[in-house]
Amino acid sequence: MTAASRANPYSIVSSEEDGLHLVTMSGANGFGNGKVHTRRRCRNRFVKKNGQCNIEFANMDEKSQRYLADMFTTCVDIRWRYMLLIFSLAFLASWLLFGIIFWVIAVAHGDLEPAEGRGRTPCVLQVHGFMAAFLFSIETQTTIGYGLRCVTEECPVAVFMVVAQSIVGCIIDSFMIGAIMAKMARPKKRAQTLLFSHNAVVALRDGKLCLMWRVGNLRKSHIVEAHVRAQLIKPRVTEEGEYIPLDQIDIDVGFDKGLDRIFLVSPITILHEIDEASPLFGISRQDLETDDFEIVVILEGMVEATAMTTQARSSYLANEILWGHRFEPVLFEEKNQYKIDYSHFHKTYEVPSTPRCSAKDLVENKFLLPSANSFCYENELAFLSRDEEDEVATDRDGRSPQPEHDFDRLQASSAALERPYRRESEI
């Protein structure tokens, strides 16, 4: 038996690609993770950037019957054009059905005969053919009431059909109005104004490597009880040899400490601490360039106007995670309020001091981390903003500005810190 014939038919790689699997070995510097890195196999997204799930259902038994059994949900989920077409056809069908019934009643009662040979009152006045019966059906169901045609007491069947058509018309109207209102008020449309950053970043936060991404709300109306979740999705082979194409692993974003619940008034950076329980614990910057996984991020909450739960989704592939970057500030204090500049929402800047090793190596080998007092890009913006406010205040008072005391003090403090890398603002 050849190697090709022994290949697993359910494997995600071919027999030619089987040799590209990662093998373990010790690193040359003793701090490696024991992997030889090969090219990354391109994978399809499970969740698209706009939140849609990249799936297609196939070979579903009795799909039409199951969808028709839940007609209301089907009408809400389908496109507007199809929903309006369905209701238009429903109205036409009911008008035609009752028009035919009124026409049959008129024929059976002899109302279509000439007036000279007819010696009794017709069931429906002014109905002399099918077109007149159809118009009477429309007038009855829509309560137009032109006054030319009306049912008489001559035929109880005609009276009963008028009552039945009125009930059917109310049912169709109620169903249509309910479906349209439910479709217009769907909370998933609220997700269009909830924003995720284009990239996620990995950087140090309080001395620990953290995975971070940013979320924002483009409306002034709040998302009540907003909370976030995240999952890492990647293929996995169990110890028994079972292949799981999309294994879902929860990523902790502070559930135990309540950090997953956010007050989403301004853009917030969501934080996942890469610790021993994290699926990213053994991933370094080099691994990130070759690994194959997807991180699905979910934001849930209630719409303030309707109290209905909405959910916004996005995802980050491994090549969309920037190692050693931080997000640029978007919140600035301006006069008596705070200003949010969304032009910086997706922008990041590089932090050269970020370790390139994994969090596991960082813990085990205890790499030296930069001082907590190191000069930071956000700190520089804060100092510059304060200097501008001081200049404006002194110009307004008509006094000459003081010497650049704060800036000199800043230069003196920053010069005392010997850094082997460039300042973040110079990147």
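From the backbone N, Cα and C atoms, a Cβ is placed for every residue, glycine too.
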Just confirming the record: what cysteine out of CYS75, CYS123, CYS210 does Swiss-Prot connect to CYS155 via a disulfide?
CYS123
The annotated intramembrane segment range in Swiss-Prot, which must be one of 130-146, 198-214, 368-384:
130-146
Taking just the CA atoms, what is the gap between ILE144 (K(+) 2 binding site) and CYS123 (disulfide bond) in Å?
19
For TYR146 (K(+) 4 binding site) and CYS155 (disulfide bond), determine the Cα separation and express it in whole Å.
21
Residue pair CYS155 (disulfide bond), GLY145 (K(+) 3 binding site) - Cα distance, angstrom, rounded:
20
Helix-strand-coil residue split for the motif 'Selectivity filter' (143-148), DSSP-based:
0 helix, 0 strand, 6 coil
Of the recorded positions CYS123, THR143, GLY145, which one has its Cα closest to the Cα of CYS75 (S-nitrosocysteine)?
THR143
For the disulfide-bonded residues listed here, CYS123, CYS155, which shows the highest count of neighbouring CB atoms within 10 A?
CYS123
